[in-house]
Amino acid sequence: MKKLKRIVVKVGTSTLTQGGSQLSRKFMLGLASQLSKLHENNFEVILVSSGAICAGKELLKNPSVDRTLPKKQMFASIGQVELMLVWKELFGLHEIHVAQILLTRDDISNRKRYLNARDTLNCLLQHRIIPVINENDTVATKEIRVGDNDNLAALVSNLVAADLLILLTDQEGLFTADPRLNSNAKLIPLVKHIDESIMALAKGTSTSLGTGGMLTKIEAAKRASQWGTPTIIASSKVPNILLELVEGKAHGTLFQTEITLQESRKRWLLSEKPQGVIELDEGASDKILHHGASLLPPGIAKVKGPFERGAIVHLIDSKSKLLAVGITNYGKDEIEKIIGVHSKKIEDILGYSYGGEIIHRTNMTRVKSKEEESLS
């Protein structure tokens with residue numbers, strides 16, 4: 001794996017309870033300690049934590065097996081507060097602030113909300129705050145639910161362009177058979193490609209407390225792999241498992257990526273239909289073509305739309321030559337008000353700011369010329 005910087009760690013209900021019916025403060029203390037050490041060593045860590053419903057049942061002293069949606073959402077609404085209080089206290093021992101982020105599928109599929117969620121997470125990480133993410137079970141309906149936190153963690157990995165996704169579980173990793181039923185089952189240390197034979201190995205496994213099993217973890221790993229993030233499924237019972245994994249020690253099952261994060265983003269941008277066009281002046285054209293720069297307001301000559309914030313747009317030069325494709329931080333009407341001005345004046349003009357860049361270089365891919373294509 002490449003050098004790691006940004007890591008998403010997911011922990012499920014069965015892991016948080018360590019096989020019991022209540023949250024294991026002892027386990028959570030150890031996990032917070034490991035994440036804090038990573039944080040102190042300048043890793044950017046994001047925690048995807050289940051456990052709200054379990055915490056709600058524990059708080060109300062109600063071990064109800066009622067699986068109706070209103071009952072689950074009631075437990076989640078009261079339990080999420082308790083869950084965050086525990087994480088806040090445990091990370092507070094290391095003088096680290098945490099932030100609660102509750103997401104639904106709609107927050108990720110809607111471009112505006114996707115960008116807002118991404119910008120918020122990036123801002124938290126820049127300020128050295130650990131985001132603690134869970135699905136918004138209290139308001140989520142069937143149509144907008146992700147359904148399990150394994151797949152939510154994969155979506156978050158894509159959202160923040162994570163270098164690694166770690167799914168902690170009560171199993172060592174993916175086996176050739178269910179190790180609880182077959183003593184001859186062997187751990188699979190590396191999966192290069194997730195196909196039907198790999199998916200078949202995980203079917204039939206689940207937990208009584210959580211919504212996921214090995215199958216959802218493989219599904220999550222497949223998603224993350226397609227987006228350019230490798231995944232490790234490993235046992236939470238291994239002492240200092242997170243610290244050992246980032247040091248490169250072999251534990252669990254590593255699912256390699258099929259493409260890099262950059263290539264994944266490039267393919268996606270080039271495959272989408274543009275919603276608008278931004279014409280650049282000569283200086284901006286040169287900076288984007290030859291220096292990989294972001295697009296700032298002074299470099300814009302014309303804007304063609306309509307399009308809103310989060311739209312995919314084509315960047316062209318004065319001769320209508322396609323230079324790049326990118327995701328814009330501002331809509332057409334907003335851009336027309338700030339063409340040619342310094343980035344520092346955006347807030348003065350609009351009354352708000354989404355940043356100094358119209359399109360950040362990380363949300364832009366350059367289009368190769370025919371000459372470059374023939375040489376590659």
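Cβ coordinates come from backbone N, Cα and C, glycine included.
The ATP binding site annotation in TrEMBL covers LYS10, THR169, ASP170, THR211, GLY212, GLY213, MET214, LEU215, THR216, LYS217. When secondary structure is read from DSSP and collapsed to three states, MET214 (ATP binding site) falls in the helix class. The local packing around MET214 (ATP binding site), expressed as other Cβ atoms within 10 Å of its Cβ over all shown chains, amounts to 25.
Annotation source TrEMBL lists substrate binding site at SER50, ASP137, ASN149. In this view, ASN149 (substrate binding site) is surrounded by 27 other Cβ atoms within 10 Å of its Cβ, with every protein chain counted. ASN149 (substrate binding site) falls within a helix when secondary structure is assigned with DSSP.
The domain 'PUA' feature in TrEMBL is assigned to 276-359.
Least crowded of the binding-site residues (SER50, THR216), judged by neighbouring Cβ atoms within 10 Å of its own Cβ: THR216.
This prediction places the mean pLDDT of the domain 'PUA' (276-359) at 95. Residues in the domain 'PUA' (276-359) partition by DSSP class (helix H, G, I; strand E, B; coil) as 28 helix, 23 strand, 33 coil. There are 23 other Cβ atoms within 10 Å of the Cβ belonging to ASP137 (substrate binding site). LYS10 (ATP binding site) falls within a strand when secondary structure is assigned with DSSP.
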